[in-house]
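S.K.: Sharing the features that TrEMBL gives for it:
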- Glu97, His100, Arg102, Glu223, Arg228: chlorophyll a binding site (BINDING)
Amino acid sequence: MAAATSGAVLNGLGSSFINGGKKSQALLAGTNRVTSSKKSVVVAALPPKKSWIPAVKGGGNLINPEWLDGSLPGDYGFDPLGLGKDPAFLKWYREAELIHGRWAMAAVVGIFVGQTWSGIPWFEAGADPGAIAPFSFGSLLGTQLLLMGWVESKRWVDFFNPESQSVEWATPWSRTAENFANATGEQGYPGGKFFDPLCLAGTIKDGVYIPDTEKLDRLKVAEIKHARLAMVAMLIFYFEAGQGKTPLGALGL
């Protein structure tokens, strides 16, 4: 039973759903795009690989893993455990890193703002009556299971079958699925008028959202850097909370 389940999961991760379209498959394969004809062959070269230890040139796969080609935003060749050797798993790990990083960034801001406003430590805010939004354990559990469970299940389905959730029945509060469609065509970066209302990575022309590839690439790198920093910060916050301390308290505020 366990073996069958594991096999199903691995088959799912390696399926065409997770690989998405031709653009994603080329990215996962780690190969250059080649256009050939009888007369010529055109090769689009990938940008130079960056290293997480620039001063060290050797080191083999520890410093410069062959399975990381520098095409992912924020890819500096850091994979000492070799978790990304399988292209399908690499795509899943990137998705997980991106989502966890976004939650961590929101949490860091919430922790500082919440304690500054109420004076209540973030790890006690859920039970303290003086908190900004006190919740009982039951209401918090229900919110997590129902609302978060619904959103995460839709994200999970969309990961294996891209754009399958931007339909009328999946977004009943919207008269059109256009607002929830993936405007950039890239997994994890939907863009569009709903997900990019300030048009930081695109423009709106005649009511149609047009992504700006240059801006989007720059924002992708900035986001993943801030996301990683926020995840490290949250790890530190957890250690501090175990000692009864808060980030503001550690700063003497």
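Placement of Cβ uses the backbone N, Cα and C atoms for every residue, glycine included.
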S.K.: Give the sequence-ordered set of same-chain residues, not counting Glu97, His100, Arg102, Glu223, Arg228, with Cβ within 8 Å of the centre of the Cβ atoms defining the chlorophyll a site.
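M.R.: Other same-chain residues near the chlorophyll a site: Leu98, Ile99, Gly101, Ala104, Met105, Ile224, His226, Ala227, Ala230, Met231.
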S.K.: When you measure from the Cβ of Glu97 (chlorophyll a binding site), how many other Cβ atoms are you left with inside 10 Å?
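M.R.: Other Cβ atoms within 10 Å of Glu97 (chlorophyll a binding site): 17.
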S.K.: For His100 (chlorophyll a binding site), list the number of other Cβ atoms lying within 10 Å of its Cβ atom.
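M.R.: Summing over all protein chains shown, His100 (chlorophyll a binding site) has 15 other Cβ atoms within 10 Å.
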S.K.: Largest pairwise Cα distance, Å, within the listed chlorophyll a binders Glu97, His100, Arg102, Glu223, Arg228?
M.R.: 12
S.K.: Which residues in the same chain, at least 6 apart in sequence, have a Cβ under 8 Å from the Cβ of Glu223 (chlorophyll a binding site)?
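M.R.: Pro73, Leu98, Gly101, Arg102 - these are the non-local Cβ neighbours of Glu223 (chlorophyll a binding site), listed in sequence order.
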S.K.: Which residues does Arg228 (chlorophyll a binding site) neighbour through Cβ under 8 Å, counting only same-chain ones at least six apart?
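M.R.: Same-chain residues close to Arg228 (chlorophyll a binding site) (Cβ under 8 Å, separated by 6 or more) are Gly74, Glu97, Gly101.
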